[in-house]
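Visitor: Below are the structure tokens for one structure; questions will follow.
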């Protein structure tokens, strides 16, 4: 299946990146460098401009109340939400419509190449380049775990440009199906929806998709790719290669044998041991992180709900309610620090010996969620302060 990306790269861009691609043995990178660049710029633009704009439009007070650290994480989660949606839709479409991909044998899964598979790894690679950059810039926020994930993911998808296991690009990017629900869960926490029905149902979907896509599907496909790579190592270069001078000049109207086109970048079809070892190590790192994060996710989700499904303690629930009530208080007229109801209010004497009960000037109006300060007391207080300054 040919690359369906609608934007044609400028002529100078593939030529510019060709020496780097040859040095790194990434033969198909020049064919997709414009897609990698497009993805990086798209996610950079979302993080820098779209995320702040849409947040200030939809939740201006909440967004303004965030610390710089939380605001950074919020913007990153918006990027992740958009990326996981786009790349999973594309990967599922390629897996459903690429007939050449469906009929690949083990050697074609290791050495083969299709334009559609290259598009998936290019858009994913552009995102992981952005992810690596933002992680390195904010190591104190994201930590070594996210750095290991960014490096491993970028390395795995970059190898597809050799091409090497290009077949598995749409397969492993389906890890991102669970990221959609993970971001919703995180947004619920920041929007004061912790413990809500939405977060509960979303949490169930999150655990199901994470376990199904990353642990079940991901572990199974890891075994499959390990098996294919092992067979390639054992087979060595015993299989003849294709040598057609026209293979590099294919277009959408060219009629050639599909197997020849898929294997046009196969070369001598030898898998170096360092390549196999690095790929498998990166794959194992990603799988190990998935199992670790799954345990943390279960622990985190249970803390947000009451027993028997959750582990939240009664005092934690009461504290949450108190904090929510504090957030609802609005004081008009002046800044007032109110004592607990159990403590008596004490009148204060001004410079003329008069006693002013400022705390008694605070009246509860409406439902008890709105505080209003009597205007007479404010004027009296301002007059007293003015007299004291004059004296």
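Cβ coordinates come from backbone N, Cα and C, glycine included.
TrEMBL: automatically predicted annotations, no manual curation.
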Visitor: For the feature transmembrane segment as recorded in TrEMBL, pick the matching range from 15-35, 141-161.
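Guide: Checking TrEMBL against the ranges 15-35, 141-161, the transmembrane segment one is 141-161.
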Visitor: Between the transmembrane segment (72-95) and the transmembrane segment (167-188), are there three or more CB pairs that fall under 8 A, provided the residues in each pair are separated by 6 or more in sequence?
Guide: yes
